[in-house]
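Swiss-Prot annotations:
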COMPBIAS  54-65  compositional bias 'Polar residues'
MOD_RES   Thr10  phosphothreonine
MOD_RES   Ser69  phosphoserine
MOD_RES   Thr91  phosphothreonine
MOD_RES   Thr164  phosphothreonine
MOD_RES   Ser187  phosphoserine
MOD_RES   Ser256  phosphoserine
MOD_RES   Thr281  phosphothreonine
MOD_RES   Ser293  phosphoserine
MOD_RES   Thr297  phosphothreonine
MOD_RES   Ser300  phosphoserine
MOD_RES   Ser373  phosphoserine
MOD_RES   Thr374  phosphothreonine
REGION    54-98  region 'Disordered'
REGION    144-183  region 'Disordered'
REGION    342-390  region 'Interaction with the nucleoprotein'
Amino acid sequence: MDQFIKQDETGDLIETGMNVANHFLSAPIQGTNSLSKASIIPGVAPVLIGNPEQKNIQHPTASHQGSKSKGSGSGVRSIIVPPSEASNGGTQIPEPLFAQTGQGGIVTTVYQDPTIQPTGSYRSVELAKIGKERMINRFVEKPRTSTPVTEFKRGAGSRAQGQTIQEEGIDGNGASAGSKERSGSLSGATLYAHLSLPQQDSTPANVGIAPQSAISANEIMDLLRGMDARLQHLEQKVDKVLAQGSMVTQIKNELSTVKTTLATIEGMMATVKIMDPGNPTGVPVDELRRSFSDHVTIVSGPGDVPFSSSEEPTLYLDELARPVSKPRPAKQTKPQPVKDLAGRKVMITKMITDCVANPQMKQAFEQRLAKASTEDALNDIKKDIIRSAI
C-alpha cells in the first residue's frame, strides 16, 4: 500500500477544508447552537481532537532534518499507517458531523439517519487531519535566526536573506525554540505574526448564555440627562442676568444725573437771599429811607362804610317824640386769630444767618428773636435786619 499522499489528493483536501471554513465563517453562530462535546458521536472525539496515543504522523528525526537543511528533502512528510488497518481496510467509525443552515442563517448540527451506521476509516480521518495541518502551516512562516540589524541599502535585501536561510538548522535531537528576527521586507510592510494554533484539549467547555447588560446603565444615563437639563437651566439664568447688565448701567447713569441736578439746586438755594416781598434788591439807600417816611395814603374803592358814617351825629325821636341821639352800640372787637409764628421765626433765623455778617449783631438779633412773642415784634426784627444788611 502506498504510504505517500498524492498531490491531487492534497489539493482536494485543502480545497474542501477551505470551503468548510468559509461556510462557517460566513454564517453567524449563536452560543446555544454551537457544537459542543456532547453533540459529537461517541468514538470520533479522540480522533478529531488528536490524542497523542492515536497520532500516526511520523515527524522527521534529527538525521532527516540535517539532510533537509542541506537541500535533499522535498518538503513532503511521510505517513505510517498501522499494518492491521492496511490489511483489513480500516476500522469502521462514524463519519464526521454534517452542518445544515436553517432559517435566519443559524447553523444547526444534525446527523444522518440513526438507523444507518455510516462507514469510514481512520485513514480518511488521518488524511483530513494532515490536510488541515498543512493548510494551517501554509500561512505560517518559519522562525529565522536573529541577524544584526543593518542599514537598509537598495539591492542588498536578497543577499542578506539568502545568508540567513543558509544558517538555519538544528543540532542534536532537541526541539528548536526558534528566534526572533526582523522582517526581510524593509519597505514598510507590517511584521508577520505567528498563527495561534487551536488548543487540543479533551476537557469540555461550559456553554452558557451571555450575560445581559447592566441594570445600572439606565440610572447612569438618567443622571447624565438630569445634569444636562440642570446645566441648560443655569445657562438660561446666566443669560438673563447678563441681559440685565445694560439696564443696570442705565440706572447708574440716571442716578448720577439726579445727583448732579440736586447738587445744582442746593447751590442755587444757598445763594438766594430771602427778602420782603415787593422790596427789590439793588435799590439805593436814599430811596429806601424815603419810603419809610410818613406820607398820605389814598385808598381807592368804596372803603369802610361803618368807619366813614360812624363819626356823623344822628338824632332820633324817642317815644315822646323828643329828639335824642341814638346811642351807638358798643363796638365789639373781633378776636384776632392766633397766627403761627414758628414759620416767621424760621424765616427770620435764616435772614440773620445769611444777611448779618457781624457776629455781635447776629447774637443780638438772635436774643431779640428768642424773646419776641407777637407778630409786630417779629416784623420789627425783620426790618432791623434789612437795614443792617444795607
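Including glycine, each Cβ sits where the backbone N, Cα and C put it.
Geometry remark: Thr297 (phosphothreonine) versus Ser256 (phosphoserine), CA distance 55 Å. Secondary structure from DSSP puts Thr10 (phosphothreonine) in a helix.
Thr374 (phosphothreonine) is 46 Å away from Ser256 (phosphoserine) when you measure Cα to Cα.
In sequence order, Leu341 are the residues near Thr374 (phosphothreonine), counting only same-chain partners six or more apart with C-beta under 8 A. Averaged over the region 'Interaction with the nucleoprotein' (342-390), the predicted model reaches a pLDDT of 86. Separation of the C-alpha atoms of Ser373 (phosphoserine) and Thr10 (phosphothreonine): 145 Å, rounded to the nearest whole number. Ser373 (phosphoserine) has a Cβ environment of 8 other Cβ atoms inside 10 Å. For the modified residues Ser256, Ser300, counting C-beta atoms within 10 A of each C-beta gives the highest total at Ser256.
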